[in-house]
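Shown next, in structure tokens, is the structure this report addresses.
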Ligand SMILES: O=C(O)CCC(=O)c1ccccc1C(=O)O
Ligand SMILES: [Mg+2]
């Protein structure tokens, strides 16, 4: 296939509820959407999961725009692409900037699947017809309100509850939630808010039978996580620390992680995500799909990836209505009884809600060869 056009939009969408992590609060969501078109008029869509500010990683909306405009779009407009796996090879000489790379690669995967009359899930080799989902809940210092939020999501059918924690908002919170919901699969995500010296606090979390604790230590660490894991009963799951198959292999070999959260953007795209999935399957390391508060486009990519067989734990990809009054896809992603039914239309499987897309667009760029 020959890519003829790369269309980029800067979007601004307001989340229904603010979402607070140990590193900051989100409400206005600025992000990029990208469309590629081929010589036959097929179109594919990708989403950048970079945030406005470099909180979660060093990438931002603006660094992604710079990378796409000045490096990545010219590379994909250059010559024929046989298979989407070739895109990451073409990008291999450019260091890091995984979220920017993933935006372009994801759009080409969607295009490739449509062009070949397949769903994106099928193009990736996924088999599941429905996927199990959990929910990620932000920090809320009002404990009664937090308990009611959790209760509401359990009643909606979500299969596991993830709660954000930070120093001073941890042991007592998990104790109360465990008391209220004794049998619910639960986990905590620290987004790198602790240091090895906090071992005493982290050890107390062992009492609550959590499925895992996500990214307790530094975002670039795998050494201290291995030390911590040797002292904890609760499995550690790495998020921020894993950018590639190589990172996954090293973390698994060191014993720094027993479960991996795969985020397509963080690892540079679907090809690398699939490699990490395959490696973890062979190593008996369960994986699940993380979320980045995506719009429907990114959400659809997550749904497709999650159909691979080693996604054996509920992911963070909740329904569109958890985040947005109105999403940019049609139909929106819906959750029933804790499951999302994988769409059967070709490519990402959801259509574009053109009116909403335009309404949330702040600026547009077009790159052509
Ligand atoms: O609902 C979602 O999309 C996932 C929410 C979430 O946990 C998250 C949101 C923003 C940044 C980082 C994370 C994370 O998984 O660490
Ligand atoms: Mg996380």
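Just so it is clear, glycine is given a Cβ too, placed from its N, Cα and C backbone atoms.
Among 183, 189, 198, 224, the residue that TrEMBL places alongside 214, 239 at the Mg(2+) binding site is 189. Residue 164 (active site, proton donor) falls within a strand when secondary structure is assigned with DSSP. Taking only the Cα positions, the spacing between residue 263 (active site, proton acceptor) and residue 189 (Mg(2+) binding site) is 15 angstrom.
For ligand 2, the nearby recorded positions are 214; that is, of 164, 214, 263, these have a C-beta under 6 Å from one of its atoms.
If you measure from the Cα atom of residue 239 (Mg(2+) binding site) to that of residue 164 (active site, proton donor), you get 13 Å.
With respect to ligand 1, the recorded positions 164, 189, 214, 239, 263 contribute 189, 239 as residues with a C-beta closer than 6 angstroms to one of its atoms, given in sequence order.
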